[in-house]
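All remarks here apply to the structure that follows.
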Amino acid sequence: MAEALTHEQIAEFKEAFSLFDKDGDGTITTKELGTVMRSLGQNPTEAELQDMINEVDQDGSGTIDFPEFLTLMSRKMHDTDTEEEIKEAFRVFDKDGNGFISAAELRHVMTNLGEKLTDEEVDEMIREADVDGDGQINYEEFVKMMMSK
């Protein structure tokens, strides 16, 4: 998992890790994990932190070593990239930038992608993703649709 990180990212993570490894023994406590991640621009909730700690801290020692930390951060970085890609895709579909994808916008983009859809097919796609029933797709609905694929 950690192979997906660049040398610069690994160096940055090592520097942050070292700042919180107070006694220099090569481990940080689970309590400090949140502080480290926030210093690197991540914003995990308490529940997310607990989940991450449970995943990484196999022996229940309450500490995380650097290889475990790298694995954790590469997962978080991957999640962030995915979210950014979804935002970018939403912007492509949302031609007028109003925060919603209309049937006309969906049809336009799908046609440009080489997908010749009937009005019924476009309406069906909108209906499937349109949780609140307003006839268009907002960002939250788009994310749900993309994540369910």
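In case you wondered, yes, glycine gets a Cβ from its N, Cα and C as well.
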Taking Glu85, Glu105 as the options, which does Swiss-Prot list with Asp94, Asp96, Asn98 at the Ca(2+) 3 site? Glu105
Feature N6,N6,N6-trimethyllysine (Swiss-Prot), candidate list Lys22, Lys116, assigned to Lys116
Count up the helix, strand and coil residues in the domain 'EF-hand 3' (81-116) according to DSSP, in that order. 23 helix, 2 strand, 11 coil
Calculate the distance in Å between the alpha carbons (Cα) of Asp94 (Ca(2+) 3 binding site) and Asp130 (Ca(2+) 4 binding site), and round it to a whole number. 15
Identify all same-chain residues not among Asp21, Asp23, Asp25, Thr27, Glu32 whose C-beta atom falls within 8 angstroms of the centroid of the Ca(2+) 1 site's C-beta atoms; report them in sequence order. Phe20, Lys22, Gly24, Gly26, Ile28, Thr29, Thr63
Of the binding-site residues listed here (Asp59, Asp132, Glu141), which is spatially closest to Asp25 (Ca(2+) 1 binding site) when Cα positions are compared? Asp59
